[in-house]
Amino acid sequence: MSASPLKVAVTGAAGQIGYSLLFRLASGSLLGPDRPIELRLLEIEPALKALEGVVMELDDCAFPLLSGVEIGSDANKIFDGANLALLVGARPRGPGMERSDLLEANGAIFTAQGKALNEVAADDIRVGVTGNPANTNALIAMTNAPDIPRERFSALTRLDHNRAISQLAAKTGVAVTDIKKMTIWGNHSATQYPDLFHAEVKGKNAAEVVNDQAWIEEYFIPTVAKRGAAIIDARGASSAASAASATVDAARSWLLGTPADDWVSMAVLSDGSYGVPEGLISSFPVTTKDGNWSIVKGLEIDEFSRGRIDKTTAELADERKAVTELGLI
């Protein structure tokens with residue numbers, strides 16, 4: 001275990017997702033049993049005491065791979081030299097808040113964090129945004145970090161991707177490992193489009209295996225898209241452990257690469273592929289290698305899928321317009 005520690009910065013580290021995420025990172029879930037991790041944890045001042053308690057628990061686990069922990073409320077200190085930044089902390093939507101209020105509140109957070117990353121992060125920085133509205137928060141951070149290559153920013157749609165795999169596996173009676181090439185298009189919101197028309201179940205086309213368009217339209221798509229709300233309804237709190245798990249999955253795929261026979265979903269900067277306007281951060285099917293992603297090209301998009309992709313893309317364009325008018329990008 002001679003490799004130098006990967007410096008992983010996590011924002012909102014004392015929150016619910018952070019509480020699940022930090023122990024996964026420290027135990028080696030990200031890069032395996034041979035790469036030590038240094039955690040750099042950012043929180044707002046009032047949450048630092050709670051974060052100290054979490055660090056006590058991390059200490060008490062005596063994780064062999066955890067080489068150090070630094071906590072604080074100053075992004076420039078916490079992001080200094082970071083190789084991976086997981087931006088989990090975000091302002092939740094409160095009672096009476098309009099979406100524009102939410103965009104504005106988070107805009108201030110992600111503007112400041114983008115600027116700090118731009119100044120002090122390591123040259124090989126990768127930035128994953130989990131805090132919602134994730135796509136547009138990633139766009140704001142990216143825009144405020146002009147010296148970091150734009151392809152180094154991604155927003156999390158891996159949770160939706162994992163949810164879609166789970167639903168399809170249950171429907172077809174196979175293991176989740178038998179599902180390949182699932183795709184989430186668009187925004188991490190209720191307009192997202194979980195697309196199984198290119199997915200495979202044990203090597204066969206998923207839509208043909210399911211052979212039930214009504215199930216796809218009336219159950220599969222809305223169940224995946226509205227799963228977060230269903231969990232809040234059942235649990236009385238938002239999905240935290242599954243979001244943390246997906247955050248680890250996404251970062252691991254990004255850093256270590258995708259298998260030759262599969263792809264993953266990541267919200268990344270559009271190059272105009274599949275009719276998604278350039279400059280939006282939208283979810284696509286991507287392959288990864290050596291820490292870089294590539295949008296899967298050449299997939300046929302039928303009329304049904306086209307309408308769904310256009311709808312979620314329009315929402316992303318509206319969000320970009322709103323934050324542009326707020327002067328955030």
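Using N, Cα and C of the backbone, Cβ positions are placed for all residues, glycine too.
From a predicted model like this one, the values you see are computed outputs, not experimental measurements.
Annotation source Swiss-Prot lists active site, proton acceptor at HIS188. Listed in sequence order, ASN132, PRO133, ALA134, ASN135, ALA155, LEU156, THR157, LEU159, ASP160, ALA267, SER283 are the same-chain residues at least 6 apart in sequence whose CB falls under 8 Å from the CB of HIS188 (active site, proton acceptor). In the three-state DSSP assignment, the secondary structure recorded for HIS188 (active site, proton acceptor) is coil.
DSSP assigns GLY12 (NAD(+) binding site) to coil in the three-state reduction, outside any helix or strand. Taken from Swiss-Prot, the feature NAD(+) binding site applies to GLY12, ALA13, ALA14, GLY15, GLN16, ILE17, GLY18, ASN106, GLN113, THR130, GLY131, ASN132, supported by sequence analysis.
Summarising the annotation, Swiss-Prot assigns substrate binding site to ARG93, ARG99, ASN132, ARG163 and lists sequence analysis as the type of evidence.
Cβ contacts within 10 Å of GLN16 (NAD(+) binding site), excluding its own Cβ and spanning all protein chains shown: 16. If you take the C-beta of ARG93 (substrate binding site) and look for same-chain residues 6 or more apart in sequence within under 8 angstroms, you find ARG99, LEU102.
Taking the Cβ of GLY131 (NAD(+) binding site) as reference, residues of its chain lying under 8 Å away and at least six apart in sequence are, in sequence order, THR11, GLY12, LEU87, VAL88, GLY89, ALA90, ASN106, ILE109, PHE110, ASN137. In the shown protein chains, 27 other C-beta atoms lie within 10 A of the C-beta of GLN113 (NAD(+) binding site). Secondary structure at GLN113 (NAD(+) binding site), taken from DSSP and collapsed to helix, strand or coil, is helix. Here the binding residues for substrate are ARG93, ARG99, ASN132, ARG163. Their largest Cα to Cα distance works out to 25 Å.
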